[in-house]
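*Asks:* I am attaching a structure below and will ask some questions about it afterwards.
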Amino acid sequence: MGRPDPEEGQLPAPVKPPDGGWGWIVLLGCFVITGFSYAFPKAVSVYFKELMKDFHVGYSDTAWISSIMLAMLYGTGPVCSIMVNQFGCRPVMLIGGLLASAGMILASFTTNIIELYLTAGVLTGLGMALNFQPSLIMLGTYFDKRRPLANGLAAAGSPVFLSSLSPLGQVLLEKFGWRGGFLIMGGLLLNCCTCGAVMRPLDMGMKRKMGKAQDKYEAKEMLPIGGKSEEGISTTDGTKKGKKAKKKPKKGKKLLDFSIFSNRGFIIYTISKFILVLGLFVPPILLVNYAKDTGVPDTEAAFLLSIIGFIDIFARPACGMVAGLKWVRPHVAYLFSFSMLFNGLTDICSARASNYTGLVIFCVFFGISYGMVGALQFEVLMAIVGSQKFSSAIGLVLLIEAFAVLIGPPSAGRLVDALKNYEVIFYLAGSEVVLSALFLGVASYCCLNRGKKEPPPENNPTAGAGSDTEEAESDVQEAEEHSSDNHQPAHSTDSAVVVASEEANHVAEEQRGEGGGCPAGDGEVLARDGCNADQMVERDSF
């Protein structure tokens, strides 16, 4: 018989990520969004000297523009999560692209530094935040087996755009001034709307392809071959419309799911990321001034950042490929811990570098380790919470990271002003990164050992157990209500329910015989008398 129709009260079939196809277009859009989100606040710094002359302010005053952009990118995470859960990714990204572009266009007409804070800082930062987070959610929706590689390729947008936007900004500044440069930059940010437009919901696309074909197939199977087939198709459509009218509304989706804090793996990840961000961004921020203080010429000192960016471009996709290997992916949390340890030890070992050659060696190793961290950070989070809860998880994580961003680099700058010694700062930053790596590795190992004593977790890392269980139970209840209300159901529907129940119970009996306890699966289909939500194992480990 035909596949059970979700709209007729049956359990909806899970939509598997295609790991390709339109997903590559989504990956390209995510690459562009990631590049704008991380590189744009740094690329704007080329206009700071002109802004200081026109508005008669200091460097610290103009530097607040980039700081506000980053604060909006990180601090508005929960707001983005709520909007995505309420309206979906594509509408939110379209609005974000318009806001980001409008902020830079309005900034080109400002007359004081406060107006720049509100336009280029708040408005553009909010727009980029509304693009960045949904793009990562869509990437996790379209990729599963190739998700580590996809995350690595998308993360490579940051160094690529940084190496291109900064020279472009300098050219625009020389030819059109800072106002013309801001105006053109605002036009470039409209590309975020294009990227948002290609973020097609995966389940919607699959339903459109299979809906009509499935209806005709079921009608032809139920009726004898002859002139009544067309009549049967129309009768089936009418029956579905009547059932849609009787169907009760589903339970609304949570705008922000705080239940992820009951996941031990998420707690471990959040704490380690907070400690990591305290020291991760300090070395690249202070590197140029550190090189100048050791006697390196200005042009050569600025070239050090280009070395980091160039290495970073290749390190992120390469690390994504390694993380996608069969024998590496189950232990991706330890690879992430190793990358943080590598980065922290690089900071500590470079603290005594006193010549240009030593600084170049530091930049090479820092670029490799920094790229590894950038490629793995969101892949690990997706593996912990699953795609169903990722929208809420990333919003809360970014909010917590916002406090670390506001604490780490400013505190390092104040210590430099007080101690006049960069060596201590590099030791401190490296120690914080090493501490985060050790915490993640040790805590993950203890959590995994504890999890081995419990029934095995779900096989599919991209599905959230709690939300899928609730949804499946609600669908079972709806199916029973429809079967009791409808006195003349179609023969194919009844037989499909019986077959589905017998198969689910048969699988459950086999797994009980093997000592498996609850049937392990994707959390999408549950036996009627099998495991309930309380028996499902939460994804507490990596």
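The backbone N, Cα and C atoms fix where each Cβ goes, glycine too.
Positions annotated as transmembrane segment by TrEMBL: 21-40, 63-84, 91-110, 116-137, 181-202, 266-291, 303-325, 332-353, 359-378, 390-412, 424-448. Residues or ranges marked as region 'Disordered' by TrEMBL: 228-248, 451-525. Residues or ranges marked as compositional bias 'Acidic residues' in TrEMBL: 468-478. According to TrEMBL, the feature compositional bias 'Polar residues' maps to 486-495. Here TrEMBL flags 503-513 as compositional bias 'Basic and acidic residues'.
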*Asks:* The transmembrane segment (91-110) and the transmembrane segment (303-325): do they have three or more Cβ pairs under 8 Å, with pairs 6 or more apart in sequence?
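*Replies:* No, the transmembrane segment (303-325) and the transmembrane segment (91-110) are not in contact.
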*Asks:* Going along the chain, which residues at least six beyond the ends of the transmembrane segment (359-378) come within the CB cut-off of under 8 Å?
*Replies:* 136, 148, 151-152, 155-156, 158-159, 273, 276, 280, 283-284, 287, 290-291, 294, 296, 304-305, 307-320, 323, 332, 335-336, 339-340, 342-343, 346-347, 349-350, 353, 394
*Asks:* Is it the case that the transmembrane segment (116-137) and the transmembrane segment (390-412) touch, counting contact as three or more CB pairs under 8 Å in which the residues of each pair are 6 or more positions apart?
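*Replies:* These two segments touch.
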*Asks:* Which residues, given as numbers and ranges, are at least 6 beyond the ends of the transmembrane segment (424-448) yet have a Cβ under 8 Å from it?
*Replies:* 264-265, 268-269, 271-276, 278-280, 282-283, 286, 290, 333-334, 336-341, 343-348, 350-351, 408, 412, 415-416, 540-542
*Asks:* Residue list, the transmembrane segment (266-291) vs rest of chain: Cβ under 8 Å, 6 or more residues beyond ends.
*Replies:* 260, 300-302, 304-305, 308, 340, 343-344, 347, 350, 356, 359, 363, 366, 370, 373, 377, 380-381, 384-385, 393, 396-397, 400-401, 403-405, 407-409, 412-413, 416, 422, 425-426, 428-433, 435-437, 439-440, 443-444, 447
